[in-house]
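As structure tokens, the structure follows; a few thoughts come after it.
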Amino acid sequence: MALILPCTFCTSLQKKNFPINRRYITNFRRGATTATCEFRIPVEVSTPSDRGSLVVPSHKVTVHDRQRGVVHEFEVPEDQYILHSAESQNISLPFACRHGCCTSCAVRVKSGELRQPQALGISAELKSQGYALLCVGFPTSDLEVETQDEDEVYWLQFGRYFARGPIERDDYALELAMGDE
């Protein structure tokens, strides 16, 4: 049975003008909870039960966009990413990778809770301090967040590892590395 359901990974590639033929999950069986898209990426699938349709709770999400000086308020179902839901409502929020690997969509949670199991771009330490990624975040309650500067979050996470003082140029080492003696 072919299920016409957009795969977020494939949709993201298409938005970046990556040529793909289909954007849909095609190998879905009745009662299954997972399927795969054309790139063989596992995708969670929820379907209505035979007793009636599944009702997914929605939550009010308020985003204070510091860079643009605006406040966005919108509803997000618990089973949708906050960034994707905002975009479907014509709300522009900062992002880059859409897969939880960078810190472009990083926010600081002011109130409420969210679930972000795929947020690889943010450490457990920063998550415990209230940082989150909108591109892979699902609201679990009404939520109020504030956007952060990407460099600020990146520095908090990686700065202590790379900040060892200025880098001195070594032309001789550069010549050796390039094979020019």
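Cβ coordinates are placed from backbone N, Cα and C, and glycine is handled just like the others.
What Swiss-Prot says about this protein:
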TRANSIT   1-44  transit peptide
DOMAIN    59-151  domain '2Fe-2S ferredoxin-type'
BINDING   Cys97, Cys102, Cys105, Cys135  [2Fe-2S] cluster binding site
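Annotated features taken from Swiss-Prot, shown on the structure.
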{"residue": "Cys97", "record": "[2Fe-2S] cluster binding site", "contacts (Cβ under 8 Å, 6+ apart)": "Ser104, Gly121, Cys135"}
{"residue": "Cys102", "record": "[2Fe-2S] cluster binding site", "contacts (Cβ under 8 Å, 6+ apart)": "Ala96, Gly121, Glu150"}
{"residue": "Cys105", "record": "[2Fe-2S] cluster binding site", "contacts (Cβ under 8 Å, 6+ apart)": "Leu83, Leu93, Pro94, Phe95, Ala96, Leu133, Leu134, Cys135"}
Review point. Near Cys135 ([2Fe-2S] cluster binding site), how many other Cβ atoms are within 10 Å of its Cβ?
Key: 28
Review point. For the domain '2Fe-2S ferredoxin-type' (59-151), DSSP counts of helix, strand and coil?
Key: 17 helix, 33 strand, 43 coil
